[in-house]
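Peer 1: My questions will all concern the structure given below.
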């Protein structure tokens, strides 16, 4: 079970594989925009910013994840992937109900439901057709032959099943499937809509924060998510660092929140950038549903749903950037939207940083570690060495100073396998998969 | 570090040094940078409402602080005194617009620029009444907005900001506002004026909106 048996520093993370272009020349189309394991952990979906008809050196789409027990030679067990020709901002898997898998994907304005199926056999032995599919001249056919299924390389296929369009004026930032498996929400900068998965021509608006006069706009919605087991509850975060929890039973339009989570400002740390760095870029419920995690520019916070006044835990991701906020405002890095994720048993949380670093925080053992996703560290089964940023004074060997950090190398998207210690980490245009050495 | 802000960050670390107060120059520089960013929001391939709102809020914070210590009023007076002929490019709407007489006492609001930046996002929900009301304040809308400050060193971040600005952007604005005789001001002119040495540099903000220019040219 992920996280059990020791703190995150006891886990030895090994490189498993990497997908994507080797060179640093990144086309807009190649930028990975989302990474998501399905509920069983067997499939991993990635999206990128490329539109249709774009060549895709990064295998976007869905691929089968290798279970740890089958990991003999990572480099030869290529994960079969398929390409979904879409610009994708977010992907969310539906809980599996039958043999087929379904996922929701969204671009800026439209959500689509996809059916994902795997094929590992194909019919062979037609004698009515040529190899290329053309029908043979019936006069040449002299025998009756029934095609048989023969094994083939595993292939993953996706077909669009529903298109949910024309409900968003602003850019969609979140989608979230309800635990009832019948509805889902989609959120843009100012509104949240509720959909039925079967009904594409109608959605219900459940949150609307658009002011009558747009000039009075000072706050936008940044993320939203349904509670993992209470189908009436969802949360949404804002650019002012607040999280509102809403109960759909209370009223049709959930402009009135049931709870509002907000940490008081620290007067000692106020600056012109305080609001920007408090803007929440991601919110994720724990698997248990008891906690939620938020990511703002410098930290990760864990909130107990029963306490609105302050988070129960705060983890500093890269506090050394606090003195660099002006430069980061100049180069726009301060607006980067980092995501965060929980491990399977909610004991460890993970988020990305700059210089292709990513961070893990063990909640129980109070440990944290910084690791790096890079081609240099990518030999099969090589163990990742913890990294350290030198914040001042004498720089030790193997430490990297703050001024040497590469702010173009940012890890915004990470995902943790729901059951095992397998993680997917997306750099700008490469997808890394790491797993616990014990596997 | 800049001392004044509105929002949260509870630091549990006693090691953080107390932030130093922002000098007026730093604050002015931040204001300039923010205004440029707001302008360039229009030109982003993917306009980002969240980013625009955050930058606009930052501008508001600076303006509030400058109003409190009197420097905002000094700046607006300097602008009025340095009023240039109408053939210079615009954007005083940022400062001069006063939609609410009660708010006039507290100083002008930079909402207009922000408001119109958001208008672009809405295709179907164009508020035509709003455009009409802007046309009424036509006298105040045009003017020159200059921030004069001692020349800073060459700013690589600004250079990068302007490195791919399309010069035709300024031409279109000129044409739409009916100022045919306006001198062409390419991106590098602006850059030059910002990073000049040894003389007062001035900074022109060009305000351009898809929706309001129609209102202006068709009073």
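Cβ atoms are placed via backbone N, Cα and C, with glycine included.
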Peer 1: Tell me which of B:118-138, B:139-159, B:160-180 corresponds to the region 'Disordered' entry in TrEMBL.
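Peer 2: Comparing B:118-138, B:139-159, B:160-180 with TrEMBL, region 'Disordered' matches B:118-138.
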Peer 1: On the DSSP side of things, how many residues of the domain 'SERTA' (B:23-70) fall into helix, strand and coil, could you say?
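Peer 2: Helix/strand/coil tally for the domain 'SERTA' (B:23-70): 38 helix, 0 strand, 10 coil.
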Peer 1: Averaged across the domain 'SERTA' (B:23-70), what pLDDT does the model get? Just tell me the whole number, please.
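Peer 2: For the domain 'SERTA' (B:23-70), the model's average pLDDT rounds to 89.
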